[in-house]
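Peer 1: This is the structure, below, for whatever I ask next.
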């Protein structure tokens, strides 16, 4: 009997506290939802809703130039996009643009991060200088490089000719086989600092003890790099490479500012194609279909990435 | 310690060589831009270009300032970026606070996931429907269209940055304020804001930079000179001036100026901020 009697008042108090908590908790909850409401409104109205519209519009005839044609289109838009004579070029260009950019950025980022990780004087200054390209508007970066690359009086051409590497100035952005590669080069220049910073953070978290232990065991600089430092950068690397594959594939600004997809579609990528469909042909149905396809690519990328990271975490 | 002396010296030298190489690579375009902008045309159009300018001139700057709509573009950009910054800051302070303190509610947790996803949705894919939305609201060619779009795209990043800052403020400080009878909003503005002021500045500069640098929406939503922002404006100079690279570079120098100033202030926080949204978020 006694234990029960002893327990009762305590229980009651607990119950009272629970009631009080829920009242307080309820008010807090309302407050919490109120706090996120504005951000949520922006998300729903200008992110989620448009995204759903893209998906829906991709199955509709929607052409601002030809309003007579409307209604359900089935897969016609998708068919039209895929059968567009430049679709394959754009797809291939997007792949080349993305892979080369990300590879170049990673290489430069890793090299600069390794250099910045050494104990030397003036590290902060060097780090600041290396970040600079990343904070400047893409338009300005593109414009400045366009000027340096012009065939008439562009400094890069003049120097290459002087060094004997080129016979005469070359129109880097205007020739079919170099236009895309040149934009890749400039994109690498602007984007690699992000890798530098992320990889530097990763490098600084590599435990010195392990490195020292390996050194005592007789592992040379190269061995220590390949077997200790690099594996520890795996997670950071995977994340930034993944993010940048998406960021690069969807980038519109760089290519548009430097070549507008030309000459003769030789640097046209899928985002440029979306823009052309929408803003030059006013064919919003086709544009939406292409955007939906890109979304599909992205989501498959996500799923792949997710499986990768889950499998790694399990190990 | 870990390697021999001579090897160490070699490594240091190599490091300096690499870093100096990178510095030249990163800075050269800006230096060349600056040099071009103050060179007279005769020195720009030469087969032996140098950094040595025998007759520096402000002609290109004057040309851009008086002979073009540059000042209008600049003002528009400042206005739009400032309003965007203010709006996203206020929105993300509250959202970030909720994400930091109220994650125990399922709705808030879901909201966090939504923010994370929205960071991943690329602008190009939303270009068409956003254009149509703006058109239906007859917001094309207004400041509001850009402010709305930019705010949408900066809020998630700012929210995660604010959440990170709030996470580092001990909860006890809030509790004591609450006991003293301070309301939640009061707590945020009287206790948390002053403590995280530097971080607040960093976040707002980030938002400003994002809006200042944006190109695509400004290019698509605005068709008249009066409302055009700087980045599309400059890209259109290209067609206007054809080969007047002096003026082009003068315009570039002036548009980079605010960025440089922000950069100097932001340097310390930049690393943190760059990784807050993308990697941590």
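Heads up, residue numbers simply count up from 1 along the chain you see.
Each residue, glycine too, has its Cβ placed from N, Cα and C.
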Peer 1: Per TrEMBL, which of B:49-71, B:187-209 is transmembrane segment?
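Peer 2: Checking TrEMBL against the ranges B:49-71, B:187-209, the transmembrane segment one is B:187-209.
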Peer 1: What range among B:78-99, B:210-231 does TrEMBL record as transmembrane segment?
Peer 2: B:78-99
Peer 1: Within the same chain, where does the transmembrane segment (B:12-35) have neighbours whose Cβ lies under 8 angstroms from its own Cβ atoms, ignoring anything closer than 6 residues to its ends? I mean 6 or more beyond.
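Peer 2: Beyond its ends, the transmembrane segment (B:12-35) has Cβ neighbours at 51, 53, 249, 252-253, 256.
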